[in-house]
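K.L.:
Questions regarding the structure given below will be posed in turn.
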Amino acid sequence: MENDVYLAYETAIKEKDYKLTKQRKSVLSVLVQLEGQHLTIEELYNIVKERYPEIGLATVYRCVQMFEELNIVDKVTLQDGLTRYEIAKPNTRHHHHHLICEVCGGVLEVQDDLMGSIEQSFLAAYGFEVRDHKAKFFGVCRECRETQKEVENGKHRDD
């Protein structure tokens with residue numbers, strides 16, 4: 001799967017008449033290998049630099065900017081306010097959604113397209129065709145809720 005994603009994006013870059021430089025290959029390779037992770041540019045740079053020491057931070061910025069324009073990466077800002085990037089799913093217009101825990105900062109990805117019926121209602125009611133959407137839901141994850149329950153139960157026993 002990992003190789004298929006890489007090859008699909010390598011083809012997409014070439015089809016848009018961009019050169020597939022060693023630096024672009026390096027950044028793309030790392031993004032594909034770390035699929036599902038949400039990385040800041042600096043985090044991505046540090047990982048790429050470990051594998052390809054000659055690459056510069058500005059080059060990583062430019063690669064990610066180009067990848068975003070080509071829909072190869074998705075940009076997301078999580079609760080910490082930092083802009084993060086992750087490899088997009090090839091050949092799909094659907095962006096997955098994020099469930100963000102306000103307690104531990106964990107991020108769960110929801111692959112189901114929860115917005116299909118909402119998009120259809122926008123089209124029916126307003127004649128507005130949604131071409132893209134991104135959704136982030138903030139709350140408390142299962143683990144943090146269970147921890148909170150344990151703490152509350154412990155307090156009641158101590159009273």
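Every residue gets a Cβ built from N, Cα and C, even glycine.
Just so it is clear, the model here is predicted, and its values are computed rather than measured.
What TrEMBL records for this protein is below:
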- His95, His133: Fe cation binding site (BINDING)
- Cys101, Cys104, Cys141, Cys144: Zn(2+) binding site (BINDING)
K.L.:
Would you mind ranking the binding-site residues Cys101, Cys104, Cys141, Cys144 by how many other Cβ atoms sit within 10 Å of each Cβ and giving me the lowest?
P.N.:
Cys104
K.L.:
Measuring Cα to Cα, how far is Cys101 (Zn(2+) binding site) from His133 (Fe cation binding site) in Å?
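P.N.:
Between the Cα atoms of Cys101 (Zn(2+) binding site) and His133 (Fe cation binding site), the distance comes to 21 Å.
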K.L.:
Through the lens of DSSP with three states only, how would you label His133 (Fe cation binding site)?
P.N.:
coil
K.L.:
Using DSSP with the three-state reduction, classify Cys101 (Zn(2+) binding site) as helix, strand or coil.
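P.N.:
Cys101 (Zn(2+) binding site) sits in a strand per DSSP.
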K.L.:
Excluding Cys101, Cys104, Cys141, Cys144 themselves, which residues in that chain have a Cβ inside 8 Å of the centre of the Cβ atoms defining the Zn(2+) site?
P.N.:
Glu102, Val103, Gly105, Gly106, Val140, Arg142, Glu143, Arg145
K.L.:
Taking only the Cα atoms, work out how far His133 (Fe cation binding site) lies from Cys144 (Zn(2+) binding site), in Å, as a whole number.
P.N.:
28
K.L.:
At a 10 Å cut-off from the C-beta of His133 (Fe cation binding site), count the other C-beta atoms across all protein chains.
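P.N.:
Cβ-Cβ neighbours of His133 (Fe cation binding site) within 10 Å number 15.
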K.L.:
Going by DSSP, give the three-state secondary structure for Cys141 (Zn(2+) binding site).
P.N.:
coil
